[in-house]
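Participant: From TrEMBL, here are the annotated features:
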type     : residues  : note
TRANSMEM : A:12-31   : transmembrane segment
TRANSMEM : A:78-102  : transmembrane segment
TRANSMEM : A:122-143 : transmembrane segment
TRANSMEM : A:164-182 : transmembrane segment
TRANSMEM : A:194-211 : transmembrane segment
TRANSMEM : A:240-262 : transmembrane segment
TRANSMEM : A:274-295 : transmembrane segment
TRANSMEM : A:307-327 : transmembrane segment
Amino acid sequence: MTWTATDIALMLGKIVLLYAIILTGAAYLVLAERRILGFIQDRIGPNRVGPLGLLQPLADVIKMLTKEDMIPTAADRLLFSLAPAMAAIPAILTFAIIPLGAPVQLFGRQVHLQIADLNVGVLFFMALSSIAVYGVALGGWASNSKYALLGSIRGLSQLISYELSMGLSLVPVVMLAKSLSLADIVNAQAEMPFIVYQPVAFAIFLVSILAECRRIPFDLPEAEGELVAGFHTEYSGMRFGLFFVGEYINIISLGSLASLFFLGGWRGPLLPPVLWFFIKVGLFSFLFIWVRGTLPRLRYDQLMHLGWKFLTPLALLNILVTGWWLALR
Amino acid sequence: MPILNDIKEILTGLSITFRHIFRKPVTVQFPEERRAMPERFRGSIVLTRDPDGAERCVACYLCSGACPVDCISMAAAEGENGRRYAAWFRINFSRCILCGLCAEACPTLAIQMSPEMFHCRRQVIDMVYEKEDLLIDGTGKDPNYNFYRHAGTGVVQPRGSGAGEQAPADPRSLLP
C-alpha cells in the first residue's frame, strides 16, 4: 500500500486527536477520582477551581510544571530521567491498536477509528504491558533509595505474576474470535459480547488489570503507608507527573481493552458507536475508582497467593474448558 | 469455599461505598457557610460591660499575669469617682493561644472568651486589637453581675479624704 498525502494527513489528524482525547481523559479522570472518592467518604472533593472544580486538572498541571525538578545526587541520572517516560509511553502506545468506533464515511472515504489494525493486536498489548514494567523497575533502581528499590522489587514481581493470569485469561477470547486483531475481536462479538461466554475469564482479567495498573488493592509498589511512595519516592515535579499521568492513562487503556475483549467494544444499541465505547470505558474507570474507595491493600504474600495459586490455575482451567466446549460444539 | 465468602464480603463493601456516594456530604464550605460554635467555645476574647453599661475591667493586671504567652498589656488609670479602668488595653492575637486562662483569672468577669471565630488578616499588625476593638456592648456570660455593686466605690480622690479614713502611709518613711 502506498501512502498518499491525504493518508498521511489523516493519520496525523487521528494521532493528534487521540492524544488530545487520552490526555484530557487522564487529566479529568484524576479529577473524577478525587471527586468520587470524596463522595464515597461523605466529602465534597475539589470544587474550588472553576465551576464544579473543572479547572482543577489545569491547576494541577501548572503546579507540576512549576515545581522544582530534583535529581538525588546518588541517583543514576540517565535512567532516572528516562524511567518516567518508560512508564508513560507504553500506556499511550496501547491506544494505537484500540478501535474507538465503527468505520465512518468521511469526505467520501472509509476512515477506521483506529490508528493501526495490527493482526497481532493482543500480542502487541501484552508486549507493551511487559515493557511498562521497566518504568517501575528502573525508576526504583535509579533513585538509589531503599523505599524506591523495595517498591520497584514489589512492582516487578507483581506485574510479572499478574501479566501471566492476564495473558491466560485472554486466550479463550482469542479462541472464540479466532483472531488476535482487535477489530476482529470486536466483530466477533456482533451477536453476543464475550462476557456471556467467558464470565470467569472476565473476572480474572478484571483482577489482573487492577494489579497491572498498580491500583488499590494491588498498590504494593506504591504503598504510601509502608514505602512513602514506593518506586516514585524520589521523583518530583513533572517527572512524578509523568508517572502519575501514566497510571491514569493505563486505567483508560486497560479499561478500554476490557470493554473491547469482553463487552463488545463500541457495539451497542441505539447510541452511536463512539459514545458506547466511551460509556463502557467510563464504567470501567468508575469501577477502578470505586474499588479504590472500598478495599484495603493486600499483604504481599496474599497478593502472590492470589496470583499464582488461584488466578493462574483458574485461567488455565478456563482455557481447557473453553477448548473442550469449542471442540464439542 | 472460602473464596465465595471473600467475594461476598467484597461485594458487600462495594455496595456500602456505592450507597455513600449519594449521601449528603458532611463538609461545611467554610468561608461561605459557618457552623454555629458551642456557647462555651474559646474563640476571640472580648471585654464586657456591667448591666449599667460601664466597663467591667478594673485594670488589675491579673489577666496579663495569667497569660502564658504574654499577649495582654494595659495601663491602669483611676477615674474621678474612684473607679479603676484601663487607660489602654491591648491584646496581640497573633500571639494569643486562646487558652482562656485570662478569662478564668478575671475577678470582675470583664474579660471573656466569645464563641466568635477569628478572621484571618493579611498584616500581623492587624492582629493587635485595641480596647475599642475588644469592648462589646453586652454583658457576656453573666448578665447580672456588677463588681462595684459588691465592692462599693468608697474610694475618693485624693486618698484618705473619705469619712473615717486615714491618709495613706508613705512606704519610704518605714524603711530602716
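The backbone N, Cα and C atoms fix where each Cβ goes, and this holds for glycine too.
Annotations in TrEMBL come from automatic prediction, not curation.
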Participant: Under a Cβ pair cut-off of under 8 Å, which of the recorded stretches A:12-31, A:78-102, A:122-143, A:307-327 contacts the transmembrane segment (A:194-211) most often?
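Facilitator: Going through each listed stretch, the top one turns out to be A:307-327.
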Participant: With Cβ-Cβ distances below 8 Å as the criterion, list the same-chain residues six or more beyond the ends of the transmembrane segment (A:240-262) that contact it, or say none.
Facilitator: 22-23, 25-27, 29-30, 33, 61, 64-65, 84-85, 87-88, 91-92, 94-95, 98-99, 125, 132, 135, 139, 170, 173, 182, 185-186, 193-195, 198, 201-202, 205-206, 209, 212-215, 232, 277, 280-281, 283-285, 287-288
Participant: Compare A:12-31, A:78-102, A:122-143, A:164-182 by their Cβ pairs under 8 Å to the transmembrane segment (A:274-295) and return the stretch that comes out on top.
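Facilitator: By the under-8 Å Cβ criterion, the transmembrane segment (A:274-295) pairs most with A:78-102.
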